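One structure is given below, encoded as structure tokens.
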Amino acid sequence: MDYSEINLDETIQKGLAEAGYVTCTPVQEQVLQASLDGTDLYVQSQTGTGKTAAYLVSIMQELLSKGADERGTALVMVPTRELAVQVEEEALKLGKYTGLRFASFFGGVGYEKQVAALKAGVDVIIGTPGRVIDLQEGRQMDLSRVAFLAIDEADRMFDMGFYPDLRKLIKVLPSSEVRQTMLFSATLNLNVKNLAYEYTKSPKEITIEAQNITVDEINQVLMHVSGEDKNRLLVGIIEREKPESLIIFCNTKKMCEVISKRLRINGIDNEFIIGDLPQKKRQHIMDDFKNGRTRCLIATDVAARGIDVNDLAMVINYDLPNESENYVHRIGRTARAGKSGKAYSFCSDSPEDAFNLMGIESYIEKKIPFVVAAEEDFGEDKSKDMWIRTGDWRDDGRGERSPRGSSRDSSRHPRGERRERDGLKERGERVGRRGRKPRMSDDEAGRMAGLSLEERMKLYKEKYASEQRPVALKGVDSAQAGGSRERRGGKKRGDAPRQVRSGEARGKGAPAPKRQETPKKKPAAQNARPAEKPKGLLHRIRSFFRRSGEKK
């Protein structure tokens, strides 16, 4: 069905034609036919099927069908900031000639511009649950006139823990009897269906099958490769096929940054996007990718939600997703609006990958064509055996060599100490103001091995002499410190055992013993029996080497 066959306002038709919308996708056709009659819907539809345009056109037609004084407002709820921005951009494009006012509201940015937009007036509110609740409870946002509610990616709302916020928001809206509601989700699980039946009025279910996207329109290739050769294969594919646009998916934030830095070392320009990046930086990265200034993007599943790029050439699953439905979300980005795409997936010999692959093929009801990576498929990985640091500091494109070729996450405090010291405390190790002492180097250990026991003792004595000096309290001499220790009940070597009162003396009504004055401690030179010196570090070192010699 073409849009020209649907009874829509002329301003909407003009915006659709200018944006290049001619023929409806299956989800658009079914949603518009039902929603224009005022029916509530809950729709199962994957990413890239055109569902955003479906509910935006429905909202605009509903608002324009009433006069400016009679019409209410519309509320679109989305799970992420990126998706909020994407929906707003699509709304501004399609509603360019309608005169309706659109604005997005999400966290991570200041309130000033968003409050100013509300004061100026907004017809379609697009936002994330947290920020909308903040503005509503602060009385800057009025939700009492909401006539249309659309919830996008409802399953992701549950995954991210937004269900309590959704319930809280819906309760302050007008009832479902006077409000039209549409709910979209990639999967219609029990939670989503309960939400639909609880807050909608006789909803109609629409289902768009996932395999219509993944099987027929995308060239899928599964490549069996060992875990240590993944980077070489990744470099080889990019250098050989030179895709105009590419998204590489990883399962963890750390791996996204590691892959990004390894590709830069190999001369492949890219950016990575994770949820922990500041909002302004994330938005800048996404704008560069959409506008073609950045051709390669590395992302996690959550961070990639809301990335909508026309004509995406390729997707590479560096890690197979742990959730089978995420495979559909990932590769579906290459087949927008009926276009074809290509998707590579790396599968190692690990039990985890084998388990994930079985779940994916069962979910899409199709065996993914596979090949075993040959030598000509690999490229030269210049980052091999480099120790890639990850963290919050600026990437300078360099790597550090590791004896195991591993990577580590070194996100640290700006002074470079606090994270390490906190980790030592968690493990029960003693940490001083200067942190942990460095381990003995190999050269130093070699020199120590050639020394005799007496030479070692002399070296240790010189090295740790300053650490054996007792630290006296400021303004307190050693005699006073010892007396305080005695009054606290502490024992020193050579002291007489402390007298403990019997149970009768501690009992109720028993006379308290007469308190005796503590005699002043005589100077150390006049003591009949000198106190035994505490056994310190030097004594323990000498004992250790003595025992080692006896064993030999």
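Counting starts with 1 at the first residue shown.
Backbone N, Cα and C atoms are what each Cβ position is placed from, and that goes for glycine too.
According to TrEMBL, the protein carries these features:
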COMPBIAS  390-432  compositional bias 'Basic and acidic residues'
COMPBIAS  484-507  compositional bias 'Basic and acidic residues'
COMPBIAS  536-546  compositional bias 'Basic residues'
DOMAIN    1-29  domain 'DEAD-box RNA helicase Q'
DOMAIN    32-206  domain 'Helicase ATP-binding'
DOMAIN    217-379  domain 'Helicase C-terminal'
REGION    390-449  region 'Disordered'
REGION    464-552  region 'Disordered'
MOTIF     1-29  motif 'Q motif'
What does the DSSP secondary structure composition of the motif 'Q motif' (1-29) look like, as residue counts for helix, strand and coil? 16 helix, 2 strand, 11 coil
Quick one: DSSP breakdown of the compositional bias 'Basic residues' (536-546) into helix, strand and coil? 10 helix, 0 strand, 1 coil
What residues in the same chain, six or more past the boundaries of the domain 'DEAD-box RNA helicase Q' (1-29), come closer than 8 Å to it by Cβ-Cβ distance? 36, 43, 45, 49-51, 53-54, 57, 60-61, 64-65, 93-99, 206, 208, 212, 337-338
Mean per-residue pLDDT in the motif 'Q motif' (1-29) works out to 90
